[in-house]
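What Swiss-Prot says about this one:
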BINDING   Asp9, His11, Asp42, His197  Mn(2+) 1 binding site
BINDING   Asp42, Asn79, His114, His195  Mn(2+) 2 binding site
BINDING   Asn79, Arg80, Asp122, Ser160, Asn164, His195  substrate binding site
Amino acid sequence: MRHTLFISDLHLEEETPSITAHFLYFLKHQAPKADAIYILGDFFEAWIGDDNQTPFNRKIIESLQTLARTKPTYFMRGNRDFLIGQRFAAMTGVSLLEDPSVIQLYNKPVLLMHGDSLCTLDHKHQAYRRKIMKPWVQKLMLSLPLSLRRKLAKKFREQSRRHNRTLSYEIKDVTPEEVNRVMKEQNVELLIHGHTHRPAIHDLTINGNPTKRIVLGAWHHGGSVLHYAQDGSFELQAFKIDL
């Protein structure tokens, strides 16, 4: 049956070759069978600018380029790869999506988000997010030498890890009230997002109507894919390959 695939939170980097291997397997064996592929943020562990053309980044860009030649591929930036820009899109052939975006998925309106904006109890992250999403801040960051950007990215990741260790389970998750608000605002019955690394299908009720929230999984222990079929059925699928 015709279907569309959704992934997020691969956190690709040269230091985790197993995740890269799982992604390349996905590209070879799963993606070619789909109508389209959606990547919903934190595809990279860190992205410091489209001009950072390391051998590893070139390898990933070329793999996306091969995919996008034959399959519509959509890319939403996350909090780790928010500096991805139009040059990356041109090099890979992906179509960039704003966060949030409503798409028509087999004639059904579906809200797509990365997901970090839903975690409203994490006040420190929300303040950081408001800052880094300002165009002038991004322009300033991209004007810095690559060597300095690498150091800053490493510093930000270390700060993020320390911050996350101090947070409770509830604070790191989405806020139900914010989920309800955005789904009402966008007038949708299905929300798909990543970020929290807690793959699940949540049944909700909004304005008396049954709705669903699908959370995509991270790739730290293998691949994680949402398979959404033309008939409206869907499944979160995990896979592992022998390395």
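All residue numbers here begin at 1 and follow the chain in the order shown.
Here the Cβ of each residue, glycine as well, is placed from N, Cα and C on the backbone.
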Three-class DSSP assignment, His114 (Mn(2+) 2 binding site), comes back as coil
For substrate, residues beyond Asn79, Arg80, Asp122, Ser160, Asn164, His195 with C-beta within 8 angstroms of the site's Cβ centre include exactly Asp116, His125
Whole-Å Cα distance, His195 (Mn(2+) 2 binding site) to Asp42 (Mn(2+) 1 binding site), is 7
In whole Å, the longest Cα-Cα distance within the recorded substrate binders Asn79, Arg80, Asp122, Ser160, Asn164, His195 is 16
His197 (Mn(2+) 1 binding site) sits from Asn164 (substrate binding site) (Cα to Cα, rounded, in Å) at a distance of 13
Given the Mn(2+) 2 site Asp42, Asn79, His114, His195, its other Cβ neighbours within 8 Å of the Cβ centroid, in chain order, are Ser8, Asp9, Leu40, Gly41, Gly78, Arg80, Gly115, Asp116, Gly194
Whole-Å Cα distance, Asp122 (substrate binding site) to Asn79 (Mn(2+) 2 binding site), is 14
Cα of Arg80 (substrate binding site) to Cα of Asp42 (Mn(2+) 1 binding site), in Å and rounded, measures 5
Across all protein chains shown, the one of the binding-site residues Asn79, Ser160, Asn164 with the most other Cβ atoms within 10 Å of its Cβ is Asn79
